[in-house]
Each structure stands twice: as structure tokens, then as C-alpha cells.
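Each remark here refers to the structure printed beneath this line.
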Amino acid sequence: LTISAFWCGYGVTFILAGQGALGDTGDLRDAVVPGLATFTVALLLVAVVGLLCREPVLALISGATSLASAHDVATRHSHGLGSSAVACNYLIVCLLGGYFALGRILYFLTNGKMALPGTDLAKKKSHEQTQAAGGSTNPFAATGLILNMLSAGVFGCRLLGITHKLFMGQVPWLWAAGIYQVGICILSYRAMDVLMATSFGFTSILKFAGGYCLLYPVWQPEEPSFPTPFLVVFSILFAVLALFLSLRSPVDGLYLLVYVASCLALAFHPRGFFGGGPQGVAVAVFVASALVALIHLHSVKGARVPPGKGKGAVKALLARSSFLKLREGPDLHAPYLGYSKYADAEALAFACSVLASSALTATGDPQAPLATVVIPWVVVAGGILKLLGGSVAFARGKTLESSAFILYSVMWIIWGLARYGGLYGTTRSFHSAVGIAAFMLFNGFIIFCTLFLSISWFFYSLTFMLVALSFFLDAIHALPTGYDTAATLSFGLVSFYCFLSALCSGTFEGPCLPMGGPIVQLGAVGAGTSKCLHLPARKASSVKRIADILRNGGTCGIPTDTVYVLVAACNRPDAVEKAHRSKRQAQDRPMSLWISSLKQLEPAKHLFTPLLWDFMEAAWPSPISLVVPRGEWVDFLGMKDSAKYVGTPQSVAIRIPDCSVTTHLIDLVGPIVVTSANPTGEADTTHHNQVYAKLGDKVDAVLCDGPSPENIASTVVDCTKIDSGNIGFFRVGLIPKSQV
């Protein structure tokens, strides 16, 4: 990833030079040297860690690229230095890359029988798995920190005199770092690291803003400046995030304080990024990023000094507090509705709302501040980064929240670009007003829906309506004095509270800063809103946890080879009674019995007729339930008092499901009592979301596996008279009569 970002910025810089966008040779030198100098240090760090972790190919490629960059810097200052050395180092990179590629090709062609030294990834993976417990939880953090080095290096080189000026030739480095950092932000959410992902989202905004500042003088004669209140707000957001991050990783928390200083330096220097103060802080950011990146790189390999060192002292301090308790354990990143590959991104989305609204409170000339403020802070922060937050919320099953974030991000982007692009003139006022009115109509629907979500979300959507109303009034030239500032401040304050609440809910147990309950409580379908456990079915640890809940007398919703079902352990009559009661089971639809193998019935085999036993062996595992005569064989399964809830006095429905997750669960728990996961008379549940909606407040956990493989329940066959040559069908489901 680091070398990819390097080639991206380096290549675009040469494209600019080839198109004549850069002036003389000195401009090309000032354009490429900051990136080359930064990656010299960054790749040297990777090479050192590669040597310490005994990865020679990685270390040599990184080291050779680092030396090539260093010699390239020397060549830019004196043509007599370094040109041959640059070529030699890149030749080493070519040879090593070819060697590694050849080793991998041989490994695949020979099915792992032949591998060149240093290219056998199987040993490497097993070694990493043994060290994973001691390593960093986010393997992408180091790359994000290196990208911070890149942006800081551009401004730091100007202060140190390595480059002579800041200009558009350095924009490719800044924007490449920003784009890659957005990618690292997404990968950090994939690594379930909310706080570092949020910090990378923040720093990517600064990179886009820095690049925009260097590009701005191309079409405007003056240097851009930013309003002080906005950057002070940004520094407060960084400080709050640093506080929460220090609870998990004191090193990372202290590191973010450097960005607090950076925002304050930008706020109080009239020249912004072009001033000496912010450039001095950029040097500090470079050094701090290099040190913390080295710690993260080393900790990924299971080093003894992870970035979270010191967390024990924080936990000990919080242990004395009855109000604050750190959230830990397997539920730390549990998705809102079952399976999800991402952590929660609401904190970043709310913070982007704070940034966008505070940027709009800038006073002064109505045209000049917009050119500086709207693009980097409203369009990028309020639009693009909020769109990222909405996409992650959608992936986590938060449909309403994601709809709101995406709608608001589109509003910020369209309004910002139209306002900046000159489309917002006198002749276009009516068209702008119509478009804004359409957004207000959609937002009205979101406000209505948030009545059933939470108080905080209601005020968040309501205050955005006030902001949209200010846009509308401005479009029709009827905006009262001060209304727009009051509306954006209200939206910013509510967004800031939601930002704090999102951080608290992800860090501490209990409602430190609650979002509040729904204003209007729905009955029926919406009543199942309690946060019962939701565990991904793809994990064996989840199945084990469901088994523990069932053994302790709980009831759970689980996926099967047909639709979702509600289950309880046979040997827990209290759990079976609870399932019967929560389901509102009708007497004409008795609960059935499931086993994982006929071996569980082997002790009672003599109680079944040979024909029935042969038929069970032939039919299972499958979506076929067999209704068999009730007898003493039921006692062999340890049902005790549960028997009265299963089947009828004359017969019992029994099945072995054709689902590895379900049979593994039965192996852990023993035979289970089963009924469909929906109130009697309603349609079958074909997704874990439906289990939440219908029975979320009545079950202890749901094993989530997304949509069911089938939308039809099992076929129920009457085998009570099979020995007379007759079978009947209570229900023809997935398996047709002919196949039975």
C-alpha cells in the first residue's frame, strides 16, 4: 500500500510536468522532492521491521526503494550525484520482484511441493496466526500513519528549506494521500477499529484541504485563508477523539494531540497552510507519525510493545468508577442486525455534520469565503465523508440512519458545488429553490421515521430541516438576517452531541450520553426492538455461544436448511415452556423435535419398527419432518417435563436438518425442541432481521446468516401407519410428494 501511494503521487507529478503545468526544472524538483524524502524514511521503517521480523524479501524491496528515493533526491539537487545509484536500486527491486513472482508461480504449479527461499507464504501465515494474539488489532493503521507523514512532509520541507515554495506541483502527493487515507479509513472499519478509522477520516479531510489550498492560487491571485471558528471546532473534535482513543491506546491518543496543535496553528495564522507556524507543526506531525508508525509496524508482528501499552493503567483507573466501565468482549463490535464486515461509522458521520455546519457559519464577503470554505470542508467533509458513513451504516443493517446520512451528504455535495460553481445566481434561483424543496420533502419523511427511532435522531433530522430551509429562503431572496447562522449552529450542536454519544456507546458500557428512546413506540412488528445478542453464523465461536445460552435455559432463533426457527434445549423444560409462550403456540400446531444423528436414537432403536428405521435412514438429513408414533423412545432423549409441549399425545414430529450449523449446534447441546420463528398465524421468517422484528424482545439471541436458503418450510410426512404401507402428508413443503 505504501509503495502504491508512492507510485501514484510520483507518476501524477510527472504527468503534470509532461503537460507543461509545471514551469522550469526547479519546479519539478520542488514538486517531487517532498514525496521522495518522505517515502525514503517511510520505506526505511518498513525495511527495518522486515529485517527484525525475518522477512528478507520484504526488507530488501523496501530498503532498495528507499535508497532509490534517497538517491533521486540527491540527483534533483546535483545532476552529478545519484543517477546510477537510482538505476541500480530499481534494478534490485526488479530482480527481487521477479524472484518472488517466480517463487510463487513454482509454488502454485507444484501444489506447494517446491518453493524458493522466502516465498513460502504457508509458513508465514501459520507464524502470523501464532503471534496474532499479541499484535495490533488494526494492521492498516501503520499505512495510515505513513500517509500522515506524506502530507506533513510536503509542508515541512518548505519550512526546512528543502523546497523553495508551495504550489500546485505538490497537490498530487496531498490528494493521493487523502484518497488512500479514505481507503485506509474503510479498511480500518473492516478491522473493527472505530476510533482509528474516525481519526483517518479526519486527517484525510486535512489532506484534501491542503491540496485545495495549493491549487487555489492557480485561478485566484490571493492565498486562501480559513475562518478561525471552523478550525477551532475541528481541533475540539480531534481533542475529543484523542481522549477516547487514549482509553484504548494511550500512544495513539497522545499522537492525535499533535493534530489538535496543527488545527489551532492553522486557525490562528492568517496564511493558513502557507504560514510558518502550521509548517512547524507539520514537522512535529511528521516525526510523531514516523515513531507511531514504527510502533504499529512492529506490533503487527506480535511485538511486546503494542500501541495499546498503558491500557492496563487506564482500566485500573476506570475500575474505581461506578459510572464509567470500558466496553470489552465479543459484543464490542456486534453489528446492529446480525452479520456485518464493518464497525459502526456513525461517529465519523456526525463529526462531518459538525464540520460542514461550522464552515457555513463563516461571516464576511459572501463570495470569497465560499470559494475557500465550501469545497474542502462542506463538499468533502459534509458530503464525501458523510456518504462513506452512510454506506457503512447501510452495511450494518441501519437502513433509516444510512438513508439520512446519504441524503444529507448528497445535499451538501450538490448545494456546495452549485453554490461554488456559479449556478446559484439570480437567473437560477427558482430552479435551486425547487431542488431544495424536494430535499426538504424527503427529509420530512425521515423526520417522521425518526419518531420511532430515538429522540437524538429526531432532533438531528429536524435541525437539518432548518438548515435546508435557510438554503430555500436564500434561493428565493427571503432569508432573514441571522437565521442561517442560527440554523447551522443548532444543527452543529445537535450533531456534536450525537458524535459524543456515538463515541461513548462504543467505548463505555451503559448509557453515558444516551441517544434516547423512540418518541412514538410501535406495537406489533416494531415491538421487537430489544438488543438481544446477534451472532454471525459463520463463526464457530458464535455457535458455541448459542449452545451455552441453550444449555442455560435460553431460547434462540437460528438458521436452518429452510426458514429460521425458534429453538430450546430438550432437557430444559423452563426454556421449552418459554418458547411455547413467546410463540403463542396453537394447540393444532405442536412443537417438533430435532436431532443431529440417528446415533442419538440408537439406544431406543428396538422401539421403532425396521421399516420406519430404514425410512428415517433414507430420508435424513433433509427438509423432511417425520411424524412418528409417540412411545418410550422419547424418554431416551432426556426430555423430562418438556415432553408435554412437544407433539401430541399420539405422535411426535422429528427431523435431522440438512444444515451443518444446526447439526453442529445439536451436537453441542443435545436434542432440541423447534418451532417456526414467528407468532402463530404469521408468515415464516426468511431473514434474521425478521426474527428481530417479530420476536426480538422474547428470545435471548439470534444466530444470523442473512436470507434463508429457501422460502418454504419443510415437508411434514405422517409415518404413524407406515407399517401398513401408508404414509400421509400434513404439509407439502420444500420436498415434493414424489421425492418422498
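Here the Cβ of each residue, glycine as well, is placed from N, Cα and C on the backbone.
Straight from TrEMBL, the features:
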type	residues	note
DOMAIN	540-735	domain 'YrdC-like'
TRANSMEM	31-53	transmembrane segment
TRANSMEM	86-109	transmembrane segment
TRANSMEM	140-161	transmembrane segment
TRANSMEM	173-192	transmembrane segment
TRANSMEM	230-247	transmembrane segment
TRANSMEM	253-269	transmembrane segment
TRANSMEM	281-299	transmembrane segment
TRANSMEM	368-388	transmembrane segment
TRANSMEM	400-418	transmembrane segment
TRANSMEM	430-453	transmembrane segment
TRANSMEM	458-479	transmembrane segment
TRANSMEM	485-505	transmembrane segment
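Counting Cβ pairs closer than 8 Å and at least 6 residues apart in sequence, the transmembrane segment (485-505) and the transmembrane segment (281-299) reach fewer than three and form no contact. Confidence for the domain 'YrdC-like' (540-735), expressed as mean pLDDT, is 86. Tertiary proximity for the transmembrane segment (140-161) is limited to same-chain residues at least six positions away from its ends with a CB under 8 Å from its CB atoms, namely 1-2, 5, 9, 33-35, 37-39, 41-42, 45, 170, 173-174, 176-178, 180-181, 184-185, 187-188, 191, 193, 196, 200, 203, 206-207, 210, 252, 273, 276, 278-280, 282-283, 285-286, 289-290, 292-293, 296-297, 300, 307. Counting same-chain residues at least six beyond the ends of the transmembrane segment (400-418), those with a Cβ under 8 angstroms from any Cβ of the stretch are 346, 349, 353, 356, 374-375, 378-379, 382-384, 386-387, 389-391, 393-394, 424, 432, 435-436, 439, 442-443, 446, 449-450, 453, 457, 460-461, 464, 468, 471.
With a cut-off of 8 Å on Cβ pairs spaced 6 or more residues apart, the transmembrane segment (31-53) and the transmembrane segment (281-299) reach 3 or more such pairs and are scored as touching. The highest tally of CB pairs under 8 A with the transmembrane segment (253-269), across 173-192, 230-247, 458-479, is held by 230-247.
Listed as Cβ neighbours of the transmembrane segment (230-247) (distance under 8 Å, sequence separation of 6 or more from its ends, same chain) are residues 195-196, 198-199, 202, 253-257, 259-260, 263-264, 266-267, 311, 314, 318, 326, 351, 354-355, 358-359, 361-362, 373, 377, 492, 499-500, 503, 507.
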